[in-house]
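Take a look at the structure below.
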Amino acid sequence: MEKTLETVPLERKKREKEQFRKLFIGGLSFETTEESLRNYYEQWGKLTDCVVMRDPASKRSRGFGFVTFSSMAEVDAAMAARPHSIDGRVVEPKRAVAREESGKPGAHVTVKKLFVGGIKEDTEEHHLRDYFEEYGKIDTIEIITDRQSGKKRGFGFVTFDDHDPVDKIFLQKYHTINGHNAEVRKALSRQEMQEVQSSRSGRGGNFGFGDSRGGGGNFGPGPGSNFRGGSDGYGSGRGFGDGYNGYGGGPGGGNFGGSPGYGGGRGGYGGGGPGYGNQGGGYGGGYDNYGGGNYGSGNYNDFGNYNQQPSNYGPMKSGNFGGSRNMGGPYGGGNYGPGGSGGSGGYGGRSRY
């Protein structure tokens, strides 16, 4: 049936609702089936969908899958019960990232620290705490001010005790704090920025994912001004390869995404691919000596002020965020596996559990 202008928003709304109910499950044993995956996750609620991704030719498991619950509350309950172990193997559940969000800086990086832009002069720490504590336990809140004038510079950081609240906040695009629209992004350390930029230029390896690397200070909002360029696919041509049901892929391309570090896909958003040309620095500098790369000299005084409207973090030298990358069909392309690394698969590499 031909799609009409009326059905497109409805489909998008349905997809967004599904996105909040879907988990990516990485690190699956080759022995794990859809039945055993379903049996495990049904302890937290009713599943509306469950799939183990397989190679279309060999039918061998690629070491990851997806489960979709009937409600967000069930997803929260499952994530609160981590760690998860299926068929004798500890797996890595993460909130699935839709295709349109997958290419954003930090989309697949696991951190505990959140960058918050759009903070106005009348917004205080307690406003941030009141808003964000519903997502999880907060460790620290910092609103950045000018050292000389003491005025707020329009941004700050919220650090949680776990990465899942940050992932959940990142998925929910629109946030209003103290009556003002706010822009939220995962806060990346200089090392993480460099890893992301290295992957974009085709020099990256298979970094895996795991521990949050989010403690302490010294963070920026992620590479790429306007939060547009910069694939987070830790590794040239790697990432998720295929995908699932029309949702964005990991950095290796395809549809539904979870996290980097799963070895080689075929095509898609591979590191350094076209369409991610932004090399500009959003705020002009880093934060507490973590600037690095395109973020300037590295002192947070070079970070600039957040005076623009949300979604306009600074000048771009080039851009073109998004664009299709060999999306293929719902179950097409890519090779994944729970062991090894490199072009034909794998989970592992340097996973940071």
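Residue 1 is the first one shown; counting continues down the chain.
Note: Cβ is positioned from N, Cα and C throughout, glycine not excepted.
Over in Swiss-Prot, the protein carries these features:
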type     : residues : note
DOMAIN   : 21-104   : domain 'RRM 1'
CROSSLNK : K22      : SUMO2 cross-link
MOD_RES  : S29      : phosphoserine
CROSSLNK : K104     : SUMO2 cross-link
DOMAIN   : 112-191  : domain 'RRM 2'
CROSSLNK : K112     : SUMO2 cross-link
CROSSLNK : K120     : SUMO2 cross-link
CROSSLNK : K137     : SUMO2 cross-link
MOD_RES  : T140     : phosphothreonine
MOD_RES  : S149     : phosphoserine
CROSSLNK : K152     : SUMO2 cross-link
MOD_RES  : K168     : N6-acetyllysine
CROSSLNK : K168     : SUMO2 cross-link
CROSSLNK : K173     : SUMO2 cross-link
CROSSLNK : K186     : SUMO2 cross-link
REGION   : 193-353  : region 'Disordered'
MOD_RES  : S201     : phosphoserine
COMPBIAS : 202-223  : compositional bias 'Gly residues'
MOD_RES  : R203     : omega-N-methylarginine
MOD_RES  : R203     : dimethylated arginine
MOD_RES  : S212     : phosphoserine
MOD_RES  : R213     : asymmetric dimethylarginine
MOD_RES  : R213     : omega-N-methylarginine
MOD_RES  : R213     : dimethylated arginine
REGION   : 308-347  : region 'Nuclear targeting sequence'
COMPBIAS : 320-353  : compositional bias 'Gly residues'
MOD_RES  : S324     : phosphoserine
Taking helix as H, G and I and strand as E and B in DSSP, count the residues of the domain 'RRM 2' (112-191) in helix, strand and coil.
18 helix, 33 strand, 29 coil
Given the recorded positions S29, K104, K120, K137, K152, state which is nearest to K186 (SUMO2 cross-link) when distance is taken between Cα atoms.
K104
Of the recorded positions K104, K112, K120, K168, K173, which one has its Cα closest to the Cα of K137 (SUMO2 cross-link)?
K112
For the recorded sites K22, K152, K173, the one whose C-beta sees the most other C-beta atoms within 10 angstroms:
K22
Measuring CB to CB from T140 (phosphothreonine), give everything in the same chain under 8 Å that is also at least six residues away in sequence.
F157, V158, T159
Cα proximity to K168 (N6-acetyllysine), best match among recorded positions K22, S29, K120, S149, K152:
K22
What does the DSSP secondary structure composition of the domain 'RRM 1' (21-104) look like, as residue counts for helix, strand and coil?
24 helix, 33 strand, 27 coil
Least surrounded among the modified residues, given as S29, S149, when other CB atoms within 10 Å are counted:
S149
